[in-house]
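Data first, discussion second: the structure below is written as structure tokens.
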Amino acid sequence: MSNFKYRAITEEGEVKIGEYFAKDKKEFLDLIKEKGYYLLKVKEINEKNKINFFFIKKVKIKDIAIFSRQFYTMLDAGSTILNCIEILKSQTENKRIKEALIYVEDSVKKGDTLSEAMKKENRIFPQLLINMIEVGEKSGELDIILKRMSQYYEKENKINNKVKGAMIYPIILAIVSVGVIGFIVSFIFPTFIEVFTTNNVELPSITKGLLAISAVISNHYIKILIGFVITIIVMKRFLKSYRGTFISNEFKLKMPIVRKINEKIIVSRFTRTLSTVLSSGISLIEALNITAKVVGNKIIEDNIYKVREKVIKGGGLSNPLKESGFFPPMLCSMISIGEESGSLDSILDKTADFYDEELEVAIYQFTTLLEPLMIVIMGLIVGIMIVSIMLPMFNMYNSIQ
């Protein structure tokens, strides 16, 4: 897929400047010919040749929420799909969404449905959103579907912000502490050691240990920095692999500190997604298939697929969920009530709200525990460093006396 930036002129002599996404140059030239333009200049930017650095703006859940909300608002006001895309393309601040919408617009003009066009840009648009738009097209309720999806992504974004907000203070504290410790070890500590060495003061074991660490940091800090960056890059690539994803997901489910929060995030996402999909008229079997892909954990995803197989064989959803061993008994009971009353989607939505509140409590408890714990750990480290300096000072003072 390539992006073609062009300058052209119409039969009336009006200069047109724009860009198109196309499979190759032939397809691009065909598009220009269909519009009746005469090409003056074209520049091809191949997507494969673009370098994706860490700082390139990604498509966030917030961006998808805004996209869905704006699309719904315009459709509800009576605007056509093409007009909506044109306005969104010009107004969106996210460059990747803007580029994707250029191609989506071209695809829709050539006769594709909105969902078919968005499938070609599934690196940008979530599969859940594409599936739901397809349902909306078939049912004739695309505006309602987009409204539900905007609400869904807004709540997802709210949850993500709460989790990120809870981590801001501990991360800042850790960075500042590491910076202070690094400064002491690299600059202040060697000064004292020089004084002790000059006065022939015998250094205790703790001081010798820190001296060795200080020497390594001072003499090899560039290598350490390069090694740190390489480690981050390698770890990031590994965690994107299937095995890396599986290991990190298993770690999140077993690590005592984050396990509780992660479980509540998964349960909340499962119930809300399943509720949104079911309320759009999709069967339970297909809804479970869609929901499994968005829970954000490969282990639980596999569990949901196993639950789905049991539902296919017959019976309700509550018992297979209970047998999976992950989902809380309360959720299974609420689903059982929803199945009996025929209001599973609304019950799931209310249950998701409950687990959102539970998540807030879990995040508060996590930060309440983590902040003093980190302060104590950092205090111990700094305390050890102070002791390693003070002990030789006392020895030097005693020798002078």
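Keep in mind that glycine also has a Cβ here, set from the backbone N, Cα and C atoms.
TrEMBL: automatically predicted annotations, no manual curation.
Mean pLDDT for the domain 'Type II secretion system protein GspF' (67-190) in the predicted structure: 88. Residues or ranges marked as domain 'Type II secretion system protein GspF' by TrEMBL: 67-190 (among others).
Within the same chain, residues 210-211, 213-214, 217-218, 221, 367, 370-371, 374-375, 378, 381-382, 385, 388-389 sit at least 6 positions outside the transmembrane segment (167-189) and bring their C-beta atoms closer than 8 Å to a C-beta of that stretch. Residues or ranges marked as transmembrane segment by TrEMBL: 167-189 (among others).
The transmembrane segment annotation in TrEMBL covers 209-234 (among others). For the transmembrane segment (209-234), the list of distant contacts is 182, 185-186, 189-190, 193, 203, 384-385, 388: same-chain residues at least six beyond its ends, Cβ to Cβ under 8 Å.
Annotation source TrEMBL lists domain 'Type II secretion system protein GspF' at 270-392 (among others).
Look at TrEMBL and you will find 373-394 (among others) tagged as transmembrane segment. Same-chain neighbours of the transmembrane segment (373-394): 170, 173-174, 177, 180-181, 184-185, 189, 192, 196, 201-204, 206-207, 209-210, counting only residues six or more beyond its ends whose CB sits under 8 Å from a CB of the stretch.
Across the domain 'Type II secretion system protein GspF' (67-190), the DSSP tally of helix, strand and coil residues reads 104 helix, 0 strand, 20 coil. Taking H, G and I as helix, E and B as strand and the rest as coil, DSSP gives the domain 'Type II secretion system protein GspF' (270-392) the counts 103 helix, 0 strand, 20 coil.
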